[in-house]
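Visitor: Here it is, the structure, as structure tokens.
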Amino acid sequence: MTQQTQRETEDYDLIIVGSGSGNSLITDAWDERRVAIVDGGVFGGTCLNVGCIPTKMYVYPSATALHGLELDRLGVGMERTGVSWPAIRDRVFGRIDAISQGGLEYREGLENVDVYTEYARLVEPHVLETASGARLRGEQIVFASGSRSVVPEIPGADLPGVHTSDTVMRLEELPRDVVILGGGFIAAEFAGIFTGLGSRVIQANRSERVLREHDAEIAERYVREAGRQWDLRLNTEIARIERDGERLAVTLSGEDGEETVGADVVLVATGRRSNVDLLGAEEAGLDVVDGVLAVDEHQRVLSGGEPVPGLWGLGDVSSTTQLKHLANAQARTVSHNLLHPDELAATDERYVPHAVFTTPQIAAVGQTQEQAEEAAAREGYEVAVKVQDYGDVAYGWAMEDKQGLVKLIARRDTGELLGAHIIGTEASNLIQPLIQAMSFGLPAHRMARGQYWIHPALAEVVENALLGLEVPGN
Ligand SMILES: Cc1cc2nc3c(=O)[nH]c(=O)nc-3n(C[C@H](O)[C@H](O)[C@H](O)COP(=O)(O)OP(=O)(O)OC[C@H]3O[C@@H](n4cnc5c(N)ncnc54)[C@H](O)[C@@H]3O)c2cc1C
Ligand SMILES: NC(=O)c1ccc[n+]([C@@H]2O[C@H](COP(=O)([O-])OP(=O)(O)OC[C@H]3O[C@@H](n4cnc5c(N)ncnc54)[C@H](O)[C@@H]3O)[C@@H](O)[C@H]2O)c1
């Protein structure tokens, strides 16, 4: 304490807490001003180090292997003759760790930027104290401190062999048996990854419903497809985890009582919470709503519902939707607003899409059918819904596809697209023109007939879904 009071407060024009999307705020425009970036974790944040990027670098080889194994239906027999987990892991982290380290060194090399590789907490709305006691005052402070995994209180959850997504990608060897707890994004992606690489996977989902924010029809199709590939157990929890020699004994509790299974690895994927608590935001008088730092559409931090001058929030710390492209969009808003206080920009969050890179892929934007029907009943219009199977378009015949579907939801009176939901091969790419149409207000019939669709590309499944909607012009 004495030591802390003796230290002088450093003054900055801009302090950024969190080096994920927050790192992008340090542009040339700040060259003549003093900037501090503070991060107590690995430089570059979640997406780069333990999130989007490494997971997809595992998804690609795994999904490619799975794809090969399913070619029997097309008259081509393939075998998975060997999987080198260490080779995949070293390829992934050989690239990523170097980017993180390079990013840190670059920032440290900038004359106007100080990097603090430690955690920090607010002591006053404009003053932070780092773990080692340094005091930093910022005329502007941006909170971009992300989220962290939540691990429920399960007996044995602290045993070696029990992982979250933060650690499971660094395993020494490919596990033979994996138990995954959860039915969200991370569980779905890792169930696909491990299955494709040859592990035996049990995915335990607490309730009947997986991927709960998805359209019900997509979630049902996922259950069918996941169930074909790995052991997906609904209404099942982990009661306890015990050591069993070198392995783990995992007791699952489901509708038929308890069963103990052997596992090398347990992956807990039960959600992530905002790091707002680590900032001491509430104690400093800032609003915390739904567990996240409250911000307005300009990303200004709120206190008592009013914006606090010079304080900004972006990404997972201040958003209940935890997606990198959203964090990046919010960072662009903050970047503009820091420099143009008289012409504040707002983040457009009308159509924030997402994709789950499981097998098959899932992608969605806008309202589910249930949400659209509720809104229509409330506001007095009708919705049109079309479900188009991949298997009914030419490229789907080539693929002999029995998995994929595109579901579109539109206003019956205007053709305005309200929601798009895809499960199947390349869902994350097929959805992009639909995101574009929704973002720029292109109605269904105009989108279908106002352009050529390459024949016989898989994208025809989107064209046919558009043409199948009962909307003006069709
Ligand atoms: C396994 C996984 C896969 C994912 N895949 C995808 C995907 O495919 N697509 C997608 O869009 N999103 C994906 N996400 C979500 C995405 O990674 C996050 O939404 C995004 O990275 C959030 O960025 P951010 O800048 O808000 O926070 P982060 O990137 O988490 O950065 C926050 C930083 O703040 C630091 N920090 C925290 N508290 C403090 C403090 N008090 N003081 C100092 N530093 C602090 C942390 O160490 C961290 O480095 C995935 C997430 C996970 C976990
Ligand atoms: N492709 C992507 O964009 C991508 C990939 C991975 C993660 N993410 C982001 O990261 C976030 C976190 O992912 P996630 O999968 O951990 O969270 P999630 O919110 O998607 O899913 C959490 C799951 O855990 C279950 N659960 C919660 N508490 C539980 C408990 N006590 N016992 C058993 N089950 C419990 C929930 O029912 C749910 O099925 C996602 O919401 C997403 O925004 C995105």
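Along the chain as shown, the residues are counted starting at 1.
Note: Cβ is positioned from N, Cα and C throughout, glycine not excepted.
Note: TrEMBL annotation is automatic and uncurated.
A quick note: this is a predicted structure, and the numbers were derived from the prediction, not measured.
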Visitor: TrEMBL records Gly182, Gly183, Gly184, Phe185, Ile186, Ala187, Ala188, Glu189 as NAD(+)-binding residues. Which of Gly94, Gly102, Gly271, Gly280 is assigned to the same site?
Guide: Gly271
Visitor: Among Cys47, Cys52, Lys56, Ile186, Ala188, these being the recorded positions, pick the one whose CA is nearest to that of His455 (active site, proton acceptor).
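Guide: Among Cys47, Cys52, Lys56, Ile186, Ala188, Lys56.
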Visitor: Which residues does Gly184 (NAD(+) binding site) neighbour through Cβ under 8 Å, counting only same-chain ones at least six apart?
Guide: Val210, Leu211, Arg212, Ala269, Thr270, Gly271
Visitor: At the Cα level, what's the spacing in Å between Ile186 (NAD(+) binding site) and Cys52 (disulfide bond), rounded?
Guide: 10
Visitor: Need one number for the NAD(+)-binding residues Gly182, Gly183, Gly184, Phe185, Ile186, Ala187, Ala188, Glu189, Gly271: the maximum pairwise CA distance in Å, whole number please.
Guide: 13
Visitor: Do any of the recorded positions Gly184, Ile186, Ala188, Gly271, His455 touch ligand 1, in the sense that the CB is under 6 Å from one of its atoms?
Guide: Ile186
